[in-house]
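Over in Swiss-Prot, the protein carries these features:
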- 48, 88, 89, 141: NADP(+) binding site (BINDING)
- 171, 175, 209, 228, 319, 324: substrate binding site (BINDING)
- 233: active site, proton acceptor (ACT_SITE)
């Protein structure tokens, strides 16, 4: 096993290049990297579909054209990088052919856009033909389906790869506001001074989707909301919101601080979790008629460390809700009643809102007094307006993988810790509550916040209805 440290990749090998992820995300990201002149290596696609390179190029153009206005010169440069290998990834002969095609490439990036059950077999086959020396391997979530399977997967990968050769892809870590979180927190004294238990009374994280499982019924029914978005996306976001400042600029410096947050979190309590399922879910193709899989989950947790002790954290995620929005909302502590006002009713607590998606931005909600009453005043910033066009998550992650930047990828210990945190909810899932499509989930979710701020209407982009 050879160190897979720094240095840019000189070949990108995409396993599953004819799959759904490539069609929706990967080709678009590659095109945008090519447009920005950030792509500098050949691309070899591997899949079971029997097609020519010309057919792959045509399929890539159709995939990109769904969302991008294509510049022919840019696409022609991208097309010139493409080659294709047809075969079964479980067949050892495929890897002999792959070794011949790779030739003199010395630092390939293998991007595994494949079902998780194939991650370890593919990597082990690559090791058998000595194709892992100085290579990096990117694997898409989910990383296991519980703590035991995550431990097993990590053990099999680590048997043939160093930790610095493994890139665990979670596209949420490539979203602009998530990337910017540590800079927002620690580069701005006005925020840094407020960011602890002395000023923050509670934290809410919402990930709402206004659509159902669509054509992913069979996949989703074996996963559910907790595995699909909470164990990975939302706990990673929570760590970035609550971690201490990294002591240096390396990926390990950042991941060390995230891991500290996870270690300070107790396993989730099933009595502080509400699971829901939207009406009509069991009629979706691929979903069991008696399914108890959750399409909505709300939970309460805490971080038992000096900065956050005693601050409740509420997380909710669901499908078929009124809007598509992901946000983090921090409530500041209420100020005392103001004796110099005729009406001594205290102002509503200030709020800091970070909208991750759509139209990323930050809002500071403050109070103003007019006509003997309090009014909320919103100070809003749109990152697209103030910082320019954002880099798309997969574009950012692909580039980071190609140049060997590990900052945007999850580390082994964090994956295992987040599975440890959610494991009690997998072992004791509890009752499933039905809810109407277009609602904010089951009524039972309100009970989690008894004695605290209720679930807030999310901050939506201007002109968006919910």
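Cβ atoms are placed via backbone N, Cα and C, with glycine included.
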Nearest by Cα to residue 228 (substrate binding site), of the binding-site residues 48, 88, 89, 141, is 141
For residue 175 (substrate binding site), the closest of the recorded positions by C-alpha position, picking from 48, 88, 89, 141, 233, is 233
What DSSP gives for residue 88 (NADP(+) binding site), in three states, is coil
For residue 88 (NADP(+) binding site), the number of neighbouring Cβ atoms whose distance to its own Cβ is within 10 Å equals 10
Running the binding-site residues 171, 209, 319, 324 through a 10 angstrom C-alpha radius around residue 141 (NADP(+) binding site) leaves 171
Comparing local Cβ density (other Cβ atoms within 10 Å) for the binding-site residues 209, 228 points to 228
Note: in the chain of residue 171 (substrate binding site), residues six or more apart in sequence with C-beta under 8 angstroms of its C-beta are 25, 393, 394, 397
A correct count of other C-beta atoms within 10 Å of the C-beta of residue 319 (substrate binding site) gives 26
Neighbouring CB atoms within 10 angstroms of the CB of residue 48 (NADP(+) binding site), all protein chains considered, total 14
The largest Cα to Cα distance in Å among the residues 171, 175, 209, 228, 319, 324, listed in the record as binding substrate, is 20
Taking all protein chains shown into account, the Cβ-based neighbour count within 10 Å for residue 175 (substrate binding site) is 24
Across all protein chains shown, the recorded positions 141, 233 give the max Cβ-within-10 Å count at 233
One of the recorded positions 209, 233, 319, 324 has its Cα closest to the Cα of residue 48 (NADP(+) binding site), namely 233
Sequence-ordered list of residues in the chain of residue 324 (substrate binding site) that lie 6 or more positions away and have a Cβ within less than 8 Å of its Cβ, or none, is 208, 209, 210, 211, 357, 358
